[in-house]
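Notes for the one structure printed next.
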Amino acid sequence: MITEIMKQVEIFTDGSCLGNPGPGGYGIVMRYKGTEKTFSGGFNQTTNNRMEMLAAVVALRNLKEPCIVVLTTDSQYVRQGITQWIHGWKKRGWKKADKKPVVNADLWKQLDAEAERHTVDWRWVKGHAGHRENEMCDDLARTAAENPTQDDTGYPG
């Protein structure tokens, strides 16, 4: 990829779950050349980690072409999973070191595929600490969780 001509996009994501498991939602803020767009979705029965992951999947999927992305999440699970743990999981056929199946493998596979289309710098920000875009995402995710409209078909519960 020729990074000099790729669009540079900032993405902020958050997930929320009322009960964990329970109704959940994700929130996304995307910024390109100073213009912001927001996305959210609510699910009837899911987990917080699934919503954190789905936020990143949906955000990257919404980019119509390969981009340079700075993706900021308050989820260490997402950031560490996609930057560190996933390499071993893939080598072991989506099994953890203890030979047990990777939890949320369906979403890890989707996130991996979406991330491969882009050049992504995965960043972490402390949640509920006054970070403007993270607070926006949190509000979007919570509102979506309070008004679920979809089923999380990958959630086994």
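Backbone N, Cα and C atoms are what each Cβ position is placed from, and that goes for glycine too.
Predicted, not measured: the structure shown is a model, and the values here were computed from it.
Contacts of D14 (Mg(2+) 2 binding site) defined by a Cβ separation under 8 A and a same-chain sequence distance of 6+ are given as Y26, G27, E52, A55, T73, D74, S75, G127, N134, C137, D138, L140, A141, in order along the sequence. Residues annotated as Mg(2+) 2 binding site in Swiss-Prot: D14, D138.
Feature annotation from Swiss-Prot assigns Mg(2+) 1 binding site to D14, E52, D74; the stated evidence is sequence analysis. If you draw a 10 Å sphere around the CB of E52 (Mg(2+) 1 binding site), it holds 27 other CB atoms from the protein chains shown. In three-state terms derived from DSSP, E52 (Mg(2+) 1 binding site) belongs to a helical segment.
Per Swiss-Prot, domain 'RNase H type-1' is recorded for 5-146, and the stated evidence type is sequence analysis.
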CB neighbours of D138 (Mg(2+) 2 binding site) within 10 A?
-> 19
Mapped DSSP class for D74 (Mg(2+) 1 binding site), helix or strand or coil = coil
D74 (Mg(2+) 1 binding site), Cβ-centred 10 Å count of other Cβ atoms over all protein chains shown, is 21
Which chain neighbours of the Mg(2+) 1 site, leaving out D14, E52, D74, have a Cβ atom within 8 Å of the mean position of the site's Cβ atoms?
-> T13, G15, S16, M51, A55, T73, S75, V78, G127, N134, C137, D138, A141
